[in-house]
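So that you can see what the record holds, here are the features copied from TrEMBL:
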REGION    27-55  region 'Disordered'
COMPBIAS  33-43  compositional bias 'Basic and acidic residues'
DOMAIN    55-167  domain 'HotDog ACOT-type'
DOMAIN    229-342  domain 'HotDog ACOT-type'
DOMAIN    417-576  domain 'START'
Amino acid sequence: RCLLKMVKGNIIVPEDILSFCCNGLQSSTSPPRAREPGEREEAPGAMASPSPARNPTEVQMSQLVLPCHTNHRGELSTGQLLKWIDTAACLSAERHAGCPCVTASMDDIYFEHTISVGQVVNIKAKVNRAFNSSMEVGIQVSYEDLCSGKHCSICKAYATFVAQGPLGSKVRLKPLTPQTEEEKIEYSIAAERRRMRLVHKDTLKDLLTRSPQETELETRDGSGAVPAERTRVESVELVLPPHANHQGNTFGGQIMAWMENVATIAASRLCHAHPTLRAIEMFHFRGPSQVGDRLVLKAIVNNAFKNSMEVGVSAEAYGQEMSISCRHINSAFMTFVVLDQEGHPRTLPMVAPEPGDGERRYREASARKKIRLDRKYVVSCKQSEVPLSVPWDQSNKVYLSYNNVSALKMLVAKTNWVLAREKEKVRMYTLEEDKFLSFRIEMSACIPASRAFSLLSNLRRRHEWDSHYVSAELVQKVDDDDMIYHVVSQKLRNENKPQDFVILASRRKPCSKGDPYVVAFRSVTLPTHPARAEFTRGETLCSGFCIWPESEEMCKVAYYNQVMPGYLNYVTTNVAGLSSDICSTFEACEKFLLKNKEDLISRLQD
């Protein structure tokens, strides 16, 4: 009876306990059935029809939204939702690690809908990839209306957790082996998301360095500027045992909930209304807090745009003597809107920043808004929704690079490739999906994978083996891993002008054993290289190389291409066997690799 109350109260109970209890209830209320001749006895607790295999790290949580979880509008408090998200993600991480885990960071979260009292929140969390001592957990949140049966997505989030051993020591995690196609895609892209997190701060600094130093206040008719100081909020919370795990560390979700509370108050002081949280910038936990700490939470409106405002929040931890030591726990930036009766964002008052730090925060808020738009537009949307040529600039270079590599990795992870042709050592595969036809061509080459990676990632040498390339000029070296080229190719059949491309080439070395070397290509636009009359501007959405080491002197080289309409006839002619041009080009690629390997050996011997 107690266990049934626990289940009704939405407490997660391990499946083996529920199975034991259900079988125990069945055996206590129903007389045993005599077995038929030849029928085998079932093991205690066995299910009549086994459920399909599930990711061992997957955790599912369902919570009924009660009045105590909601705000004045009867909508689920975002702080409460963040606590549930963090709890489910932490349980998933601990399933994989086999030891306690703490929240290290939470990526951007965009809330698509609000949740009303009486509805059910469904949260599914599972580990996407384990690195040395940290792991990425993917979380999907949706709501369910019990009366209508309607299901709707709320948000998708990615959290990073760190496994902790005795006395807070780091634990080396066992590798995770993805099973399904979806898991393989998330596993592959997790390394790229990790890289993007590490350079996030540098992206903001770089944008601010390139922007004008003067603070420009927006002018808006019909309203005066509100001093930012009027929105300042400070609140203290005492960390009690219910706020912490069994090691005494404060739950990350609890800290996020407290931060959301003071941010909401600050936003309300600007608009004199009840704001709605729309997005949260990346959370980064800089250190732990324990039971007995006093957490001082501070919030202020950094900038108010026409229909949204950014609130900066910080959390600091103190011991009993608040004046002695202070530990910075976390900082976050939250975006709020105020909705009218029809659900449309209202126009907000302007903010007048205070001199010094206030003006700095004002400028940084504008920079973060641009970065958020870039990240949401380039990273968060589906690959098919990304325009072919995205404008490239310093502020979105990280996210374009991420999108470039992740799009190729998603194509590589597809499992329904079909062998179309085989010519000696070269094999050609096709993939037909919705609007796109993609092809993959692969071979084994007698050259170290690292050497093949170095040769194939340099587009300036591609004309040596690919007859379609006339030239490739290095326009800009973004960093050691990303280059932008202006490429000129031969005329296509039925075309009277050669084609040109502006291509972002992103290269990645393996993140861990078993990962390939990756060279990804996609089109971008540059103001210095507009379309010109003597060329037909071409575009590529997703193409590139993946190179897997097979031994110290052997590797498998595969080229992938999501075919654009201009090349469709050329590709289908090769797939149908009416031409061997693609296979011949790849054979020339093998000769190019072998020749340069021999040249390298000769130079080393000399």
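Glycine is no exception: its Cβ is also placed from the backbone N, Cα and C atoms.
Annotations in TrEMBL come from automatic prediction, not curation.
Here the domain 'HotDog ACOT-type' (55-167) has a mean pLDDT of 92 out of 100. Broken down with DSSP, the domain 'HotDog ACOT-type' (229-342) shows 26 helix, 52 strand, 36 coil. Look at the domain 'HotDog ACOT-type' (55-167): DSSP puts its residues at 25 helix, 54 strand, 34 coil.
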